[in-house]
């Protein structure tokens, strides 16, 4: 995720890229959105969802622009290296000032505009042909402090991701199996359960949750100590399951509404729910950290920004459809943190297979993603502390880094299984940095570097439609304001308790 330059991979058409981006963005966050919608009110939720979708699209174009600038710099440095090699061959006779010439060539390579070179030999110098990950872009355009802050933000976000995953699977298993253990079919009927209520026999619900958390950790935790890659077939399987589940939930909610069985009467606005809604929406639009892997293999990138815009419009429509059918189908107090659990009630669907499929759907999809995210986080820790030419001792490399990756999110999940709050806080803090602040700074710094290296007359062919500096300043002000707002809201909420 945040590594260096990687292989481009097999090329695919723009429309395949559109599908991949849609699949990437629409994930676990969407399952917590209906509850967040109900808590904040439908009008406030719709307005905020549209605005945050627009902001996410804007920063996506900033990342694409930075990717093009990074490709241009890498291409230019190779051209200068070839030129220096040619000069070395010409001066191989042993001229005394060769070292001076080489040093002068290096300084020119770092500072002089090469607009003339671009026009003569490389008209598409800003073409995105190499996959430059966000970590490499940060290293190219940020100073040392900026690079460390970037990795800190990525690491905190991944920790939040793992904590959400580590809580979501045991919650789903607890809800489904406790209903079976009590010979009940009312998981999603609005009955409020306490953690101390019985699950089966003498086992309390919180005990069952922690037993499942322990089993989850023991089964999937060891993968953190090895290398794991998501295979194409696993990706196809999880994507297929996800879309079957989402379509089923929308259809079942619409059927219930059309039969006059809708119970929801959502309010227009509840300001107290904005904090969690903000975090959930940011988390649900997250894709900036994976854009290099998505955009680079697209075969024709001429209209890439329009393609991304179409994707965001489709995702906005999907989120609205999922959330509005949910808040009108179910009463606010019956909507669960994990929306799939609302469909484990016999009154909603009497086909046992569908009930269990939807109830256990997060278990299958999240379990396949957990090891991949854990390995990504472990590798980011290694990159953060890596020093040029240095290697880690075996114990640090194979034990310490995997342990500091796995233990904190499991401890968080052990202490709380409030998924809406976990998603809200992860999105509001680390998600805010990745989705708003880092792309804005990348756009600003890459533009400065491009002008310095290529001259002020050079135009990046993938320049963001929001090219005026006002938009960068606006995003930065918005991002920092969100930090202040969310923090103040949390403090005020806690002080009332």
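Using the three backbone atoms N, Cα and C, a Cβ is placed for every residue, glycine included.
Which of 101-120, 121-140, 141-160 counts as transmembrane segment depends on TrEMBL, and there it is 141-160. When the ranges 209-228, 389-408, 409-428 are checked against TrEMBL, the one recorded as transmembrane segment is 209-228. Given the ranges 175-196, 307-328, the record in TrEMBL names 307-328 as transmembrane segment. Looking at 78-95, 240-257, the range tied to transmembrane segment in TrEMBL is 240-257. Annotated by TrEMBL as transmembrane segment, the relevant range among 12-33, 430-451 is 12-33. With DSSP classes pooled into helix, strand and coil, the tally for the domain 'Amino acid transporter transmembrane' (20-67) is 45 helix, 0 strand, 3 coil. Of the ranges 141-160, 240-257, 470-492, the one with the most Cβ pairs under 8 Å to the transmembrane segment (12-33) is 240-257. Within the chain carrying the transmembrane segment (277-295), a Cβ under 8 angstroms from the stretch's Cβ atoms is held by residues 1-2, 6, 9, 17, 20-21, 24-27, 29-30, 32-33, 36-37, 39-40, 44-45, 48-49, 52-53, 56, 59-60, 63-64, 67, 128, 131-134, 154, 157, 301, 304, 312, 315, 319, 420, 423-429, 431-432, 434-435, 438-439, 482, 485-486, all 6 or more beyond its ends.
Here the listed stretches are 240-257, 348-377, 470-492, and the one with the most C-beta pairs under 8 angstroms to the transmembrane segment (307-328) is 240-257.
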